[in-house]
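Asker: My questions all concern the structure below.
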Amino acid sequence: MVRWTRSGPIVVEVDGTPAGRRVVEYASHEALRTGAELVLVAPTQPFGFTETEGPTPTDNLRSAARWVRELTGSGVAITTLLARGSRLKVLAETAQHARLLVIGRTPLRGPQRLVTAHGDLFLATRTGCPVLVVPSGWRPSDLDRRISVGVDGTAMSLEAVEFAMRAAADRGGDLTLVHSQHTPRHLSLVPPEPRSGEELSVAETLADWGSRYPQVKLTRFLTTRPVADVLVEEGHQAGLVVIGTPAGLLPIGDPGARRSVVSMNSPLAVVPHHAAAHSGAAAN
């Protein structure tokens, strides 16, 4: 099973579009803040397919590398990679040992946008590292220092909280923890069960990361609504929204994450939860 390599490079998709240029800019800022290597990757058509007219993927990579140098000077180590294959295949393979994969959100609507969201979640669940989806309208602003993370009371939030705390510390920003006590309608008459070990582990994780990064201002927002609904609204006031999703499952298995990817207006980090890693740690 793939795991999250926290000390790996940041991988960013290069597609040669104006919106893609913003995605590269976002990834450049992340690399500069964290001291990570930046890998620029451009998928190219499989053998037997003809590239469309205009700049080639190689041209796009060269242009993106120049743009990163303009933004960061010599502060970021850059690697360029031209890989043959489908977009999802190339990005998934390139990000196997990355700390973060940065991609763009296509400005589609209706069923096409849902299909794209499935692809984004596929990358998060199969690469093992967080996938950060940047909307086409993103611009650097003071909002980038405001981060929100969804906490659902289960272990699925563990890596998401870790990622959000690190991001807030790197940006010198504030973190809002959106914690839901929402109960689905068909369970509303069932008496609540005692807190499980997973719920306690989330509380312990919050305390642990809070002690590691005391400079991060934490705000807890308790709601009875589904976390996904609240986070979509938070996206209008935050520079980054973070959610957790199960690793290794098909994207359709996580409707909350799917809705967030489809509806979010701000950059969104989808952080996979590796249940086996935590169960192994608990056993030890």
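Cβ atoms here come from the backbone N, Cα and C positions, even for glycine.
These numbers come from a predicted model, not from an experiment.
According to TrEMBL:
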DOMAIN    9-135  domain 'UspA'
DOMAIN    145-246  domain 'UspA'
Asker: Tell me the residue counts in helix, strand and coil for the domain 'UspA' (9-135), as DSSP assigns them.
Answerer: 58 helix, 29 strand, 40 coil
Asker: Can you check how the pLDDT averages out over the domain 'UspA' (145-246)?
Answerer: 78
